[in-house]
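Q: This is the structure I want to talk about, given as structure tokens.
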Amino acid sequence: MSFGSCSRHALFTPGALPGSFRTMTTSCVKRVYTAQIRGGDALGKRLPSVSSFPGQLPRHGSHFQSLAFFSTSRRRQTPPPPSPPTTSQSPTVPSKASTTPPTSLNTSKPVATESQDKTDWSIIAKLAGNIWPKNNPNVKFRVIGALTLLVAGKVLNVQVPFFFKTIVDSLNVPITESTTVWVLAGASIAGYGAARVLTTLFGELRNAVFASVAQNAIRKVARETFEHLLNMDMKFHLERQTGGLTRAIDRGTKGISFILSSIVFHVIPTALEISMVCGILSWKFGWDFAAVTAITMLLYTWFTIKTTAWRTTFRKQANAADNKGATVAVDSLINYEAVKSFNNEKYEVAQYDTTLKAYEKASVKIATSLAALNSGQNFIFSSALTMMMLLGAQGIVKGTMTVGDLVLVNQLVFQLSLPLNFLGTVYRELRQSLIDMDVMFNLQSLDSATKDSPTAKPLHLKGGEIEFRNVAFAYHPERPIFRDLSFKIPAGQKVAIVGPSGCGKSTVFRLLFRFYDSSSGQILIDGQDIKTVTLDSLRRSIGVVPQDTPLFHADILHNIRYGNLEATDEQVYEAARKAHVEGTIQRLPEKYATKVGERGLMISGGEKQRLAVARVLLKDPPVLFFDEATSALDVYTETELMRNINSILTGQGKTSVFIAHRLRTISDADLIIVLQDGYVAEQGTHEQLLAMPGGVYHGLWQAQLTESTQPTEEEIERQREELEVVDEKKKQQT
């Protein structure tokens with residue numbers, strides 16, 4: 001319940017009570033809360049204090065300045081539409097089929113109460129370790145200091161009604177000409193002001209002290225989650241849509257902020273304040289006042305929890321629609337060129353609108369159920385307040401209570417209204433935060449299919465010999481890629497892997513790099529099974545230029561330096577020269593400071609590939625893997641780049657593997673391995689394979705040779721332009 005408006009009815013009038021009492025006209029206390037507090041639980045929103053920094057929740061101390069009857073009202077606010085998608089996400093990749101279903105980020109399914117309670121407590125226990133770490137006395141000191149300030153603030157807050165009571169009783173006497181306010185109630189007024197100021201001061205100090213504790217916990221959990229995701233295998237990332245994944249992580253980290261602040265600064269202090277008020281009412285005015293208060297608190301809390309549990313289903317549905325909307329929007333924006341190329345803007349908008357409709361439907365349910373919750377809370381508290389005023393009025397009539405006592409009762413009850421109102425909001429947000437964090441912690445609990453074995457040792461390279469021994473692998477059980485693949489790549493030699501599309505050429509690298517693990521067989525490097533060595537040492541020993549070049553939304557200098565973050569600028573420049581991309585970079589307006597755009601969309605495919613080559617040359621690993629590294633280059637640039645690469649490899653003893661469709665680029669390889677239907681169909685040098693009429697390699701070579709004799713569209717266009725230039729010169733001469 002929030003109090004946003006009040007009626008200006010005076011509680012007392014002259015002559016209505018014994019003695020001479022001046023008319024007290026109450027001033028409306030305007031409390032402006034944000035839409036999150038008024039609306040209760042707008043989707044995706046948090047209490048305003050939490051968004052500023054954890055540990056700061058709306059103040060309890062600044063309550064009502066004068067006695068008044070308040071008509072309570074709460075503004076309804078429909079949940080906001082889904083947050084705009086962040087277009088800087090990594091592109092989603094069509095998932096490979098998997099026998100193990102991925103952990104869903106959809107939180108719309110109801111969870112059994114007992115199971116959910118266990119999950120909630122396990123989440124809280126994990127967070128407790130972050131706010132009370134074993135080997136960090138500084139954090140413990142801050143937590144103790146924050147709790148001390150909290151208790152001190154609550155004790156002072158309860159004193160405010162007592163000062164108010166004393167002021168009213170002091171003024172309820174005959175007024176003479178010599179009487180002044182300071183004579184009658186000066187000390188009480190000063191105490192009233194001091195108590196309110198100190199309550200606010202202690203609250204702000206508490207927030208400042210606890211802020212670093214909460215932020216440190218958030219940073220630690222967020223870092224652990226991000227690190228865990230980076231350590232997951234490729235199958236995990238291919239099966240998940242980036243938009244929904246990042247949205248779930250974002251909500252989970254925000255949930256940490258709310259839970260830490262709400263438990264420490266709302267749940268505990270609210271219970272403390274209710275206990276203190278019930279004790280004071282019982283001690284000062286009897287059990288009936290305390291009984292009404294206790295019953296009201298229990299009924300209010302029970303109603304809020306039950307109603308919120310019913311409304312949680314709608315929140316889950318809205319979250320599921322929000323995740324889906326983010327995924328659809330990110331996919332569409334990332335694939336902007338495809339959308340425009342096929343004129344499918346209306347289709348993409350319709351897809352996004354479908355998710356918005358689902359979100360809208362769930363949001364309407366949230367808003368309408370919120371009205372029922374607000375009405376019930378208002379009725380319960382208003383009924384209790386009426387009963388308390390009735391008991392107080394009877395006490396005044398009987399002479400057992402003074403006017404100040406009535407003021408005291410009224411103020412104590414109203415002081416409970418704020419924590420109770422926030423308790424409802426906190427409970428609603430607490431439940432949602434636990435749901436969001438459950439999804440995030442489930443991500444942390446997933447195991448990677450490819451990870452170091454307990455006995456893994458660093459890879460010791462001797463020459464770089466690679467052997468596939470009876471390897472079987474399939475992305476999907478019904479479509480095996482390799483059945484019994486065996487071949488050996490000699491150390492220090494240039495080896496090419498060729499074959500028809502879909503024969504598994506790129507899969508060789510994915511298995512070697514342990515993006516995936518083979519289902520059977522062994523992959524050896526210098527006689528060491530790659531499953532028995534550490535992933536870090538394995539991947540540091542291999543450099544790759546992938547078929548689809550991944551670039552960051554940063555400048556060219558950073559994208560090349562990513563191969564070796566410790567490299568100097570001069571080393572980066574040298575790698576660019578070796579990759580035959582230095583001239584292109586120098587022609588750009590900002591040269592190495594030029595931004596390449598998201599996924600490198602602001603530069604050509606050939607430039608992206610040359611940057612990737614420069615990056616791997618900067619890494620300078622003993623084993624190099626080129627997966628269609630020159631497919632986007634013109635013949636001249638390709639020839640120059642391959643000449644540079646060959647010169648780098650010459651005499652350095654590096655093992656290099658080239659996957660290529662253009663067979664002329666690998667005709668000088670020491671060994672060519674031809675794959676077909678999951679097996680090694682042929683292997684040998686270029687000359688040996690051509691000497692095998694009817695062979696796979698011979699057929700591929702003849703097909704490309706025939707194709708190369710036909711003029712390309714670019715060559716036809718160039719010839720046409722040359723003819724036009726000749727014709728123009730003839731016209732000028734005539």
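Including glycine, each Cβ sits where the backbone N, Cα and C put it.
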Q: Is Thr402 placed by Swiss-Prot on the same side of the membrane that Leu171 is on?
A: yes
Q: In the structure shown, with every protein chain counted, which of the binding-site residues Pro500, Gly502, Gly504 has the densest set of Cβ atoms within 10 angstroms of its Cβ?
A: Gly504
Q: Starting from the Cβ of Val508 (ATP binding site), draw a 10 Å sphere and report how many other Cβ atoms land inside it.
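A: That number is 27.
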Q: Does anything in the same chain, at least 6 positions from Ser506 (ATP binding site), have a Cβ under 8 Å from its Cβ, and if so what?
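A: Within the chain, Ser506 (ATP binding site) has Cβ neighbours under 8 Å at Gln547, Asp627, Ile659.
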Q: With DSSP as the reference, give the number of residues of the topological domain 'Mitochondrial matrix' (306-371) in helix, strand and coil.
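A: When I sort the residues of the topological domain 'Mitochondrial matrix' (306-371) into the three classes, I find 62 helix, 0 strand, 4 coil.
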Q: If you skip the near sequence neighbours and keep only those at least six away, which residues in the chain come within under 8 angstroms of Arg510 (ATP binding site), Cβ to Cβ?
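A: Listed in sequence order: Met234, Tyr516.
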Q: Compute all pairwise C-alpha distances among Tyr475, Gly499, Pro500, Ser501, Gly502, Cys503, Gly504, Lys505, Ser506, Thr507, Val508, Phe509, Arg510, the residues listed as binding ATP, and give the largest one in whole angstrom.
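A: Binding-site diameter by Cα atoms for ATP: 19 Å.
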Q: So, by DSSP, how many helix, strand and coil residues make up the topological domain 'Mitochondrial matrix' (211-259)?
A: 44 helix, 0 strand, 5 coil
Q: Does DSSP give Gly504 (ATP binding site) helix, strand or coil?
A: coil
Q: Counting every protein chain present, what is the number of Cβ atoms, excluding its own, within 10 Å of the Cβ of Tyr475 (ATP binding site)?
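A: Taking all protein chains shown, Tyr475 (ATP binding site) has 18 Cβ neighbours within 10 Å.
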